[in-house]
Amino acid sequence: MTALEPRDGADAAHLAPPATDDHSPDPLSDVPLAAVEGVLGRTYRALSIGIVSVVFLIAFEATAVGTAMPVAARELNGIPLYAFAFSAYFTTSLFAMVLSGQWADRRGPLQPLATGITAFGVGLLLSGAATSMWVFIAGRAVQGLGGGLVIVALYVVIGRAYPERIRPAILAAFAASWVIPSVVGPLASGTVTEQLGWRWVFVGIPVLIVIPLALAIPAIRRTASGPADPAAATEPYDRRRIRLALGISAGAGLLQYAGQELNWLALLPAALGVALLVPAVRGLLPAGTVRAARGLPSVVLLRGVAAGSFIAAESFVPLMLVTQRGLSPTMAGLSLAVGGATWALGSFVQSRPRMEPHRERLMVSGMVLVAASIAVAPSVLIEGVPVWTVAVAWAFGCFGMGMVIASTSVLLLKLSAPEEAGSNSAALQISDGLSNVLLLAGGGAAFAAL
């Protein structure tokens, strides 16, 4: 299933956007404060419950499907193609993120959100009904299109529908919605797979999305539909960005393939992937991202560094616990399970109003915890180091990630004008997703070479 926020204090003054404090109109301007004082106030209740429920079900799908996919691949005689079931999702989602950003900026987030959820459901049904591995992979690709559309559209909804003062709280709710699925999802998926068959894991989820979608759509239509400025002329879609989006998807896919094939022939797709990625990244991410320029570029870069390094490390820690310390897969997974709760706790901490003046320190502290947890993880290779050391380190790392990921999202929306929220949210998600793909591919190649 990822910099620093400008505040009034001197520490963050260099990041403040020129000439304005907040680009987004506050929907509360004509509404009594007592009625809408939080994300569950009367004005926001239906919207908050609806979009958080959508995130909850997507999180459940992300954690549950991973358990069912090995069984599906074996039944469909597709074990050699197993990795493509993952890469198909990630590569198509990168393209969809760019498309969703352009779509949301021009038409509002409602259309890409509804289309994305529909595509996500269709992809699940297609995979669940697959009679061959290639059809299964096609379903995963459609899921990726839907997932990419949804995640960017949700960020635009937050930027338009919620005032700045409560955006950290709704983002904390997003993080919390992953806790139960991360624990229950694999268990529920395993039980359904064993008792009813793996197909039910895929075909059952689309039905559940209907109710939260029905709650969210009317509220989105009232508060966040249409262009950001209805009086302004609607700009045409940027075809260059669409072409670059195709390039970044193809390049990421080629690099993933090359990372799985450790031979001289793999150098060709790797080189082609890099050739496609370099101009695409330069064109799709804010200018100055690579050199960590102040403001939005540093936010986007930090998101990629944090998410990519942490997720890549998380992918290999269970493997080390199983192969080097002899833990069962279940125990290896449980040793990291507490991270879901501490991630949500970190996101909750950053959402507290009294933390707003200290967001820069939250970001720095979070990154220190993330770096420390990654540095401690390899110590499990030393026989004398207790296994619980990794579990404790990972819990602190997840706490840091909860602060960093939510804070980068809050900051991005603060730095974005309403008509740019879609494209900037897409850039944030591309940085997150692409760094995951690149570091996982590099880590996988290094591991296979050992």
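Glycine too: its Cβ is placed from the backbone N, Cα and C atoms.
Annotation source TrEMBL lists compositional bias 'Basic and acidic residues' at 1-11.
Across the domain 'Major facilitator superfamily (MFS) profile' (47-450), the prediction's mean pLDDT works out to 85. What TrEMBL records for 47-450 is domain 'Major facilitator superfamily (MFS) profile'.
Sequence annotations record features per position, and here TrEMBL assigns region 'Disordered' to 1-27.
With a cut-off of 8 Å between Cβ atoms, the residues of this chain six or more beyond the transmembrane segment (49-73) that come close are 1, 40, 79, 81-82, 85, 117, 120, 124, 127, 130, 133, 136, 147, 150, 154, 157, 170, 173-174, 177-178, 180-182, 184-186, 188-190, 192-193, 198-199, 201-202, 205, 208-209, 211-217, 219. Taken from TrEMBL, the feature transmembrane segment applies to 49-73 (among others).
Remote same-chain partners of the transmembrane segment (79-101), defined as residues 6 or more beyond its termini with a Cβ less than 8 Å from a stretch Cβ, comprise 69-70, 73, 112, 116, 133-134, 136-138, 140-153, 241-242, 244-246, 248-250, 252-253, 256-257, 260, 284, 422-427, 429-430, 433-434, 436-437. Summarising the annotation, TrEMBL assigns transmembrane segment to 79-101 (among others).
Annotated transmembrane segment per TrEMBL: 113-137 (among others), in sequence order. When Cβ-Cβ distances below 8 Å are used as the criterion, the transmembrane segment (113-137) is approached by residues 54, 58, 61, 72-73, 76-78, 81, 84-85, 88, 96, 100, 143-150, 153-154, 157, 199-203, 205-206, 209, 213, 216-217, 220 of the same chain, each at least six residues removed from its ends.
Remote same-chain residues near the transmembrane segment (143-162) are listed as 1, 24, 27, 39, 44, 47, 51, 54-55, 58, 88-97, 99-101, 103-105, 108-110, 112-113, 115-124, 127, 170-171, 219-220, 223-224, 228, 409, 412-413, 416, 418, 421-422, 425-426, 428-429 (criterion: CB distance under 8 Å, separation of at least six residues from the stretch ends). Annotation comment: TrEMBL describes 143-162 (among others) as transmembrane segment.
Positions annotated as transmembrane segment by TrEMBL: 169-188 (among others).
The transmembrane segment feature in TrEMBL is assigned to 200-220 (among others).
Marked as transmembrane segment by TrEMBL: 241-258 (among others).
Panel annotation: around the transmembrane segment (264-288), residues 98, 240-241, 244-245, 247-248, 250-255, 257-258, 296-297, 300, 424, 426-427, 430-431, 434 of the same chain, lying at least six beyond its termini, place a Cβ under 8 Å from a Cβ of the stretch. Look at TrEMBL and you will find 264-288 (among others) tagged as transmembrane segment.
Within the same chain, residues 2-4, 285-286, 289-290, 292, 327, 329, 331-333, 335-336, 363, 366-367, 370, 373-374, 377-378, 380-381, 387, 390, 394, 397, 401, 404-405, 408, 412, 427-428, 431-432, 434-436, 438-440, 442-443, 447 sit at least 6 positions outside the transmembrane segment (300-321) and bring their C-beta atoms closer than 8 Å to a C-beta of that stretch. Residues or ranges marked as transmembrane segment in TrEMBL: 300-321 (among others).
Look at TrEMBL and you will find 327-349 (among others) tagged as transmembrane segment.
Per TrEMBL, transmembrane segment is recorded for 361-382 (among others). Counting only same-chain residues 6+ beyond the ends of the transmembrane segment (361-382), those with a CB under 8 A from a CB of the stretch are 3-5, 11, 302, 306, 309-310, 313, 317, 320-321, 324-325, 346, 349-350, 355, 389-390, 393-394, 396-404, 407-408.
Listed by sequence, the residues of this chain that lie at least six past the ends of the transmembrane segment (388-413) yet keep a Cβ under 8 A from its Cβ atoms are 2-6, 24, 155, 158-159, 164, 167-168, 171-172, 174-175, 296, 299-300, 302-303, 306-307, 310, 314, 317, 321, 335-336, 338-340, 342-351, 359, 362-363, 365-370, 372-374, 376-377, 379-380, 421, 424-425, 428. Feature annotation from TrEMBL assigns transmembrane segment to 388-413 (among others).
Listed as Cβ neighbours of the transmembrane segment (241-258) (distance under 8 Å, sequence separation of 6 or more from its ends, same chain) are residues 83, 87, 90-92, 94-95, 97-99, 102, 266-267, 269-270, 272-277, 279-281, 283-284, 423, 430, 434, 437-438, 440-441, 445.
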